[in-house]
Structures are given as structure tokens and as C-alpha cells.
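Trainee: Structure incoming, see below.
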Amino acid sequence: PPATAPSPPGPDMALRRLLLIAAALAAAAAPAAAFYLPGLAPVNFCEAGKEKPECKSGIELFVNRLDSVESVLPYEYTAFDFCQAEGKKRPSENLGQVLFGERIEPSPYRFTFNKKETCKSVCTKTYDTTKPEDKQKLDFLKKSMLLNYQHHWIVDNMPVTWCYDVEDGQRFCNPGFPIGCYITEDGRPKDACVINSEFHEKDTFYIFNHVDIKIYYHVVENEALGARLVAAKLEPKSYKHTHPDNPDCSGVPMDISNKASGEVKIAYTYSVTFHEEKSIRWASRWDYILESMPHTHIQWFSIMNSLVIVLFLSGMVAMIMLRTLHKDIARYNQMDSTEDAQEEFGWKLVHGDIFRPPRKGMLLSVFLGSGTQILIMTFVTLFFACLGFLSPANRGALMTCAVVLWVLLGTPAGYIAARFYKSFGGEKWKTNVLLTSFLCPGIVFADFFIMNLILWGEGSSAAIPFGTLVAILALWFCISVPLTFIGAYFGFKKNAIEHPVRTNQIPRQIPEQSFYTKPLPGIIMGGILPFGCIFIQLFFILNSIWSHQMYYMFGFLFLVFIILAITCSEATILLCYFHLCAEDYHWQWRSFLTSGFTAVYFLIYAIHYFFSKLQITGTASTILYFGYTMIMVLIFFLFTG
């Protein structure tokens, strides 16, 4: 369990609550359309024998994929030999859930509202270690306990949480619980084995084959409707049931020795109790999970840190723009009046070369087009996330929103790429459009496809089914590409960007540059400031992706996004001014790469995070981590540039 004490919810949570309360009030005022977030309506439950069309008594428990902090490979519930639900159909998943490898399936655990069950048997699994297929199933279970794989159960679209005490008397609520745990050969308990002193046999696995589930409900004021579930908590236990047909849930824990041979019997059981909870409203039922997520105060510290950088930069830029440029211009005007034959100096010298088309202008224009597409996509996605449309309760919504927006934003990409390419004096417009449509998305798709092959080979649930791959390709080829062509058509139809000064026939020679105005040192320096703004947020985002924590601080992220955009622009303007004063007029690529270099720092940070924070083991997991990181780095490079 994390040893960090959670902090009180920050203003971001308060804003989220305010939105939820407003929505809940609106819902209460109009019971006919009781939505609290788009697409999520409350479900009412009532006791058996009192069912009505708007209120049911059966509560279903769904199971999600199982994942681990020590491995990037998630597996679906059916990959393990647990009790299976017979003949029930799976709920449908949206694009975002499929891309993130979520696989929600029905489970054999069924409850009736307000009916207490004690030590109810679900099924018994028997393994004969002399049979190869039984041995293989048991070995897979042992391996997953060794890697601390976690169950994720869902009741009424709420994660079933396991809450335990951490240091400082705080409670941490984990939206998952382990399959089991392992005591090493030297008697050291790993992971969850620390919770029970009875787990002490050396080189032994203990499986959590019993769960005590507590379901909390809130009775709706209008009695006729029934009750709504506001929390589901469980405690995993381990019992060696001596009579699996008539279990009593007492006695010694269920141990599986690593060297066990012969027959192993595992009986799965559960108990469920219902408790009325008057203080939690249905609309704020996610709060107890989010509140136990640590580190909101660090966020404000990071925002202040970023704002200081932005203010410092803005001050520098303003000073240069106002004072230095004003002085320069005054001096140049003065020279015109006195018609001094004195030598020109500074940036005025390069006016005849400043708009010379850059080398590899085609590639630059394509990068600019793709970058614009990503920039707008990120802005709109984060804006919606801030409004609470893409909350964790709306599973997979964030990813779906991002992919759909990216596909629909082909037009600005084509338009921007075409405009710049035309102003660079390019003629091959067909090549330009094709590259804009296929270069960057193609690299991302190829990387993604290779990662998918590895996942598929490992039998992981994160492997995307063939149908979904075809659907993504269809979105790309049938919607995104035509839209890019439309954008490019309008971009090429418009007149090229007019330059205020003519370009000289003969390029002027660039004088010897000092160390810090050379291209490479300038670019390396330029990436530091934007990275300084985001690196604390980056830690939380990487945590939510690789350590399976929920990410809900979109208000902070949106602020950081705006700050990052400003910092990138200002740092680039500043460095551009310096090297123009040093009479180096190759500014187009340099300005793109100066802020784009932030992505290289991002990569270095991701490598540091991998070695210092993650306990990932196994070749496949390592390749996947770096494969997915490379996709993020490319997207980030285009976006910052």
C-alpha cells in the first residue's frame, strides 16, 4: 500500500463537486430526465417482492481486466481459472475502453438488494498437478500472485474498493484487490501478505478465495423510488474450507505450497451485507475514492512554480520587445534622417534573407500541420474534461473523445500544412497533402501495431481485436484523409503569405557564432523552461497510466496546458531574437525545434521514471513501456513544436 498520506481535496475537487451538485439539483427538479453526467443515470433498487419497472432487486457484479504494477500486460478475467458466469452476455464497450484494454464481463456473483448472505459458495476448483493442463492453470495463478495482479470489480458502475489504513491514521481506498500473495523462501511476506499474521509458511502462496462485501445505499427522499447504491467496499480473506459444499468461513488460510503436488482444491465464497448511508448523496459517491488519492497540495505548488516561470519569461519578452526593439527602431530611423553611411548592425542586416525558404520546407510544413491538429485536439479534450464530461465514471470517454476529435481535425492540419508549404515556395502540393495525411499518423500506427502484436503474442487483454484495428483504419482513411485533402485544397487556393520585405538573390554569409547562439546549445536551452512547467504534472499522468491510479485533476492539467503553450512560444521568441541579432537568419526550423526539444526531456524523464518508480519486470513489459512512451514523445514533440 502507498505510504503517502492523502491530502484534503483541493479546489479542483470542489469545482467538480459544485458541478455535480448543480447537476444533481437539476436531476432532482426533473426526475424524468435524471442525468448527472451525460450518459449516466442513477439506477434504483428495492427489496425482493417489491419490484417495479423503475426499480429492480437484483444487483449484478461485473469484473474488469486484471492488471499489475509489476507488469504492463493486463489479462481478462476469463484468462484465469476463477468461477465463470454461465451464458450471460458481456456489456458493450466504447472505443476508448477497447484501446485501453478494458474488458468488462459478467461475473457469477449475484446479490439481491438488502438480503444478507453469509459464506455463500460460488464454485470449487480442483487441480490435479499430475495433469499438464491443470498444472498449467495453477502455475498461471501462482505467477499472477507473485506479480501481484489485482482484481477490478464493478457494482452499479462503481469500482468495488478495498480500504485499509496507511500511516498517520489515514485510510487509502484502492479500486482493486489482489488475487493472493506470496511468502518468500526466507519467510518474508510480499505485497498483501503483510495484512495477516497467519500467513507465515515459507515459499507458499495464499489465495484470497473469500470476500466480505459491504454495499452502502442511500434511500431516495421520494420513498416510492427505492434506494441508490453509494459505495461498495470489500475485504479479501483466505480460508481453507474443510467442507467446500457446506463452507463455514473460519479456520486456517488457504495456502498453496510452491512445491505442492497431488490434488489442490480451492473453494470460492462470499458474504454480503447492506448498510444504509444517509450522509453520502448519489451524485458525490465517487468522492471517497478520489479523496484517498494523494497529492493535491503538490499540484498548487507546481502551478505556482510554472506561473513564476511564465511571468519571468513574459517580463523578458516584453522588455526585449518594448525597450530593445524600440531603441533599435529609433536608431535605424535616426540613421535614415542623418543619412549616415555608418555600417548597419544587428537584426536589420538580415532583412533581405529572413524570409528565405528553409531547407526541407516540405517536412517542416507537414510537422506544423500535424502539430496544429494535436494542439486543437488536446485543447478541446481537456476543455470537455474540465466540464466533467469525461469523468472516471464515464469509462473510456477520454480516449474516445481524443480519437474522434483527432479524426475530425484533419481539415486544419491540411490547411496549415498547405499554407506554409505554399509560402515556402513549394510546388509539389500532392506530396504535401499525402505526407500530412500519412507521415505522423503512420508512424504512430506502426508503433501501435507492433505493440499490439507483442500483446497479442502474450495473450493479454490489452491486445486490440482485429475488428477494432479495421475500424481505426477506416476512421483514418475514410474520414481523416478526405478532410485533410479538403483543408489542403483551401490552403493552396488562398494566396501565399505576403512577406513585408523582398528576399535578396544572393544569400548573405553568416558570421562566426558564439557558443550560445549556435543552433544546438540554443535548442537544448529552449526545451528546459517548458519542461520545468510540466514535469510535476507529468509524474501524475505517468502514475495514472502505469501505476493504474485514477486521474481526475483535469482542471490543473488544463491550466498547465495553457501555461505550457505560453512558455513554449515565449522561450522561442526570446531565443529567436538573440540569434537574429547574431545575424543567423535560419529561424524556421530552429523555432520549431527549440520548444519541440521539450519532448527529449520528456523521454529522459520517462526513462528515469521507469528505473526509479516502476517495478516492471519481463522483456515484453519493458518493450511495451518504451514503445508506448515513444508514441507519447512523438505526439508531444509535434504539439510543443
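Cβ coordinates come from backbone N, Cα and C, glycine included.
The signal peptide feature in TrEMBL is assigned to 1-34. Annotation comment: TrEMBL describes 300-322, 363-390, 396-421, 433-456, 462-492, 523-546, 552-580, 592-611, 623-640 as transmembrane segment.
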Trainee: Looking at 300-322, 363-390, 396-421, which one has the highest count of Cβ pairs under 8 angstroms to the transmembrane segment (433-456)?
Mentor: 363-390
Trainee: Cβ under 8 Å, sequence separation of at least 6 from the ends of the transmembrane segment (300-322): give me the contacting residues as numbers and ranges.
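Mentor: Sequence-remote neighbours of the transmembrane segment (300-322) are 10, 529, 532-534, 536-537, 556, 559-560, 563, 566-567, 570-571, 573-574, 577.
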Trainee: Compare 396-421, 462-492, 552-580, 592-611 by their Cβ pairs under 8 Å to the transmembrane segment (523-546) and return the stretch that comes out on top.
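Mentor: Going through each listed stretch, the top one turns out to be 592-611.
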Trainee: Run the contact check on the transmembrane segment (552-580) against the transmembrane segment (396-421): 3 or more C-beta pairs under 8 Å, excluding pairs closer than 6 in sequence.
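Mentor: Not in contact, no.
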Trainee: Which bits of the chain, at least 6 residues beyond where the transmembrane segment (462-492) starts or stops, bring a Cβ under 8 A of a Cβ in it?
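Mentor: Result: 65, 72-74, 95, 98-101, 369, 403-404, 406-419, 422, 429, 432-433, 436-438, 441, 445, 449, 452, 455-456.
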Trainee: Would you mind listing the long-range same-chain contacts of the transmembrane segment (363-390), meaning Cβ under 8 Å and 6+ residues beyond its ends?
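Mentor: Non-local partners: 16, 19-20, 23, 37-38, 397-398, 401-402, 405-406, 409-410, 412-418, 420-421, 424, 426, 432, 435-436, 439-441, 484, 554-555, 557-558, 561, 565, 588-589, 592, 635, 638-639, 641.
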